[in-house]
Amino acid sequence: MSESDLGTPGGHSRPEPRLPRHRGDDAAPIDHWWRTNDSVPRTRRRAAPDDEPTTRFDSADSRREIRGIGSRRTMVGPWTMLSPGAATSDWTAEQIAERQAESTTRGGPRRDRQITSITDRESLDFELSPELQAAETERLDLGQIAARSAAADAAEKSASGLATHLPAAPDTDERGLRAYLGHTKILTGRQLRVVTRDRLTLMQSMLFPLLSMVMFKVVLGDAVGQATGQNSAFGTVPLVVLVGAMFGSLAVGTRLISERRTGLLTRLYVLPVHRAADLTSRINIEMFRILASTLVLTTAGMLIGWRFNQGVLPAIGIFAVALLYGAAYSTIVLTMAVSASNAPLVPIMSLCTSLLMFFNSGFSPIEAYPEILQPLVRNQPMTCAIETMRALATGGPIAENLTKTIAWAVAIMLIFIWPAMRGYRRAAASRT
């Protein structure tokens, strides 16, 4: 007994390599055929709209293309075959002759046409469907060739998608007004969901000014009204509206510091998003919150004597003054939050808010303050806003205080917007 008869140690013969289960015993593995012949399988082309095999005959290079659907290993895919009169071939003459000889040895070719392309599924021993066989063996005259070529072109253009690759993503531009508005809208929706889910902070921003208004009414009573000769509610309600706008802005600053430490700002900054969109979205959310808070406080203020005596337009002006003041103060808070994350933001801004809250014309008449403080109290931004809202509600001169309010708000935003942008860039690059 020769060594070859012994097989492996132990007297057992070496097992034959197993063929794929989904193919016949006389077929060679597909991967083996591609590897031994140095050929790469062809990628699938666009499927027909009605998932039916289609034919296309190009008279320029005498090439017919039959497309199919499905996986490369399980279904009949696209394949290309040269016409009998073609002068070129995807295979060399030696490869074609060798493959024909192998097919004849295995039982003869399964088609009456010569194999001319590795992309032909018959070259890999696949049984073609009757529709493809009929399309292949069909003889076309010139008129049919032109008609079917045009139909195939139309079907290819109207196909729903490619089989082997996803459509290219559209180029995104993070600059320009259109990008700024679109990104701001998306990020504003995100901030709105964040605020509404933080119910404790939302309730605090609403309840604190409401309780402050009740406290002022209970503690001070009508002392301010007797001193000024006017109902004190027309000073107290604007005061608590502005105080609510200022204290609510602290929540935006603390949330921004938290997102900076967790790395969320860094992830937002590396996305193709307009650089000013995130800060603008946070200010927009403050505008929504201030609008809702002002509506609640003015409604509750009617219980203590607050009224919109001048009509609808002045009432809208009261809301506009509150929004303008809140936007300016929010810009200061955001600048502090992104510029110094380790600074005690809440204590510093709370101190500033308390000073403004007790040194204004809504808390006490200006004449009641010391003479050295009266110019400061008369011209500070909170007094200007309170007097503007009082004039809009009761009537009276409005131009001077309105001009001061707008000047204060515009100046604050112009001064702090650039440091806010630079601080946001640094905050996105570092968590500390």
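Note that the numbers count up from 1, one per residue, in the order the chain is shown.
Cβ atoms are placed via backbone N, Cα and C, with glycine included.
All TrEMBL annotations are machine predictions without curation.
Residues or ranges marked as compositional bias 'Basic and acidic residues' by TrEMBL: 13-26, 47-67, 109-119. The domain 'ABC transmembrane type-2' annotation in TrEMBL covers 200-427. Look at TrEMBL and you will find 1-69, 85-119 tagged as region 'Disordered'. The annotation transmembrane segment is assigned in TrEMBL to 200-220, 232-257, 288-306, 312-338, 345-363, 406-424.
Under the criterion of 3 or more C-beta pairs below 8 Å, with sequence separation of 6 or more, the transmembrane segment (312-338) and the transmembrane segment (406-424) qualify as touching. For the transmembrane segment (406-424), same-chain residues at least 6 beyond its ends with a Cβ under 8 Å from one of its own Cβ atoms are 265, 269, 275-276, 278-279, 324-325, 327-329, 331-332, 334-335, 338-339, 381, 384.
The stretch in closest packing with the transmembrane segment (345-363), judged by the count of Cβ pairs under 8 Å and taken from 200-220, 232-257, 288-306, is 232-257. Long-range neighbours of the transmembrane segment (200-220) within the same chain, counting only residues 6 or more positions beyond its ends whose Cβ lies under 8 Å from a Cβ of the stretch, are 232-233, 236-237, 239-241, 243-244, 247-248, 251, 289, 292-293, 296-297, 300-301, 304, 363.
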